[in-house]
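Chemist: Following this message is one structure expressed as structure tokens.
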Amino acid sequence: MYNNSMKLLFLSSLMMGTILSISSNAWLGIWMGLEINLLSIIPLLTNNKNMMINESSIKYFIIQVMPSTMLLISILLIQMKYMIWWEKENIPSMMIMSSMMMKMGAAPFHFWLPEVMGSTSWMNCLILLTWQKIAPMMTLSYCIKMSSFTFTVILLGIIIGAMGGLNQTSLRQIMAYSSISHLGWMISSMVISENSWELYLCIYFLLNIAVIMMFSSMKLFSLNQAYLSGNPSMEIKFLMMLSLLSLGGLPPMLGFLPKWIVIQSLIDNNMTTIMFLMVTFTTITLNYYMRISFSAIILSHTEKSWLMGIKINKSKMIPSMMTTISMLGLICTSSLMLFY
């Protein structure tokens, strides 16, 4: 009871910090919101029964202090109006962008994300992949514009997200590299339109919730568990495969819709080079999604016959419903677009 009340307290302050950050009209208010958010998530990441989780929370704290300090220095530089050459070189803007990318784990400041996610629980992973990205993404949208720095960050995000996940066996680290790849897409859509990246973020949140809830309910943490899962239900494995392919952006799943919008926007703005590179490297990410999902289906013959009588847990029904939404989402939205 005590632990639940403490978690509720820190979750509410976590949400309050994010809301303060995204609703503030001053840089100092944004910084304060991010600090409240940081101090609230550290107790959620700790666990007295598991020292590895405590180690990941310490890593997270040390890493997150660095972008907070960088943001504060950038705010001071912006306030020092007499340093005109800083403004011409866009140094404060680049420092703010770098600090926000480090906070949310975008490449090339991504090194902490797979390490922290690799040794924490699925629910903490869900918070890190969803809620913890809202405030940094909003702050980044205030000062981002297309430049060689932004171009490099977008390409690095998609390349590292594609290559980093190929040799991973931990599902949590695969989800971390998937997040790095998706952040590259979100940053590219942020340059073009505010509505497109917000839509991308919402759909990404929905798909992450579906996949992580399914992994959490089945207690899957590594690839060999996905291959030889004790869960006998082929339907559950099929729904897991659909969720992963939707997260990878395979048409006609819902996950392809935001990518479709971003591709169309990039073509309309004559940014075909970056669009071609993004699509090319994103197809590599589908490789490790398909490796998990198809292997779980194909290797079903290794399951023991005495497991066939186990009933499906009711806790898997919610992820199953969300998977159905992700599967039918693009078909429904495409149908609606035909009418308008």
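Glycine is no exception: its Cβ is also placed from the backbone N, Cα and C atoms.
Marked as domain 'NADH:quinone oxidoreductase/Mrp antiporter transmembrane' by TrEMBL: 24-285. Feature annotation from TrEMBL assigns transmembrane segment to 60-85, 109-131, 143-162, 199-218, 238-262, 274-298, 318-339.
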Chemist: Let me check one thing: do the transmembrane segment (109-131) and the transmembrane segment (238-262) come into contact, meaning three or more Cβ pairs under 8 Å with sequence separation of at least 6?
Modeler: no
Chemist: Cβ pairs under 8 Å with the transmembrane segment (199-218): which stretch of 143-162, 238-262, 274-298 has the most?
Modeler: 238-262
